[in-house]
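*Asks:* Dropping a structure here in structure tokens format, bear with me for questions.
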């Protein structure tokens, strides 16, 4: 443990332990609880939005309370399985190939947002087709509550002392006790919680209620992934980059262009396509 008194900035509050409570071999982690809170909040929020029929195209919400409850299980599977496989296959395949038992250790952290997005997208498409639901309206529905969960999980990243930021001298810099160098760093997890999470949630709520964005299916989903991609790109500037794949490092070494930025580019492009499609089709009723 680093010397608490040697920190030239705000010392990390060490009463924040990644484990909330442990009973023998069973432990409850903040990280896992964060995902549960995010999923349950989204489930609740979707039901609240579904009750306001005037918000929706043709006054017809794609999910009622029963279907929302059915989908939450598939959403959870998409997030967890997709997020973990994304971490394994997109970010660090070499490590997990050499340590296969670590693949299932979700409680230790290591979930890819982009993998979780792919997993959730697959779940949405499958569920929408099975229940004859407009896929774009379904995307909008799930996107509306997603940022809140992202914000909660980013706070859990802070508690876990992972994905910290670069060295800085800003007044709110934090010295993380798990940092071997024990240097003042940007609390980039909290930046992400704000930008990718809670502020984005407010922006989506604003366009839903003020501009009736649900009446143009695809608008909310498009705004979500554009905004997330931009926020993630900005946060990468302040964050210590994760170890990029070797092929990517060889191409962009020293450029400042990170793998996280590269993964966000197609999201932004697809988001613009979704919004263009929504307005081109002149939905609204």
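Backbone N, Cα and C atoms are what each Cβ position is placed from, and that goes for glycine too.
Feature table excerpt (Swiss-Prot):
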- 26-46: transmembrane segment (TRANSMEM)
- 71-91: transmembrane segment (TRANSMEM)
- 107-127: transmembrane segment (TRANSMEM)
- 133-153: transmembrane segment (TRANSMEM)
- 194-214: transmembrane segment (TRANSMEM)
- 218-238: transmembrane segment (TRANSMEM)
- 256-276: transmembrane segment (TRANSMEM)
*Asks:* For the transmembrane segment (133-153), give me same-chain residues lying six or more residues beyond its boundaries with a C-beta closer than 8 angstroms to one of its C-beta atoms, as numbers and ranges.
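*Replies:* Same-chain contacts beyond the flanks: 31, 34-35, 37-39, 41-43, 45-46, 49-50, 56-57, 61-63, 67, 75, 111, 113, 120-121, 124-125, 127, 192-194, 196-198, 200-201, 204-205, 208, 213-214, 217-221, 223-225, 228, 274, 277-278.
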*Asks:* Taking a Cβ cut-off under 8 Å, which residues six or more beyond the ends of the transmembrane segment (26-46) line up next to it in the same chain?
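*Replies:* Apart from its flanks, the transmembrane segment (26-46) reaches 18-20, 63, 68-69, 72, 75-76, 79-80, 106-107, 109, 111, 141-142, 144-146, 148-150, 152-153, 155-157, 159-160.
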*Asks:* So which residues does the transmembrane segment (107-127) touch in its own chain, when a touch means Cβ under 8 Å and the partner is 6 or more beyond its ends?
*Replies:* 27, 29, 31-32, 35, 70-71, 74-75, 77-87, 89-91, 133, 135, 138-139, 142, 150, 153, 157, 160, 162, 225, 228, 232, 263, 267
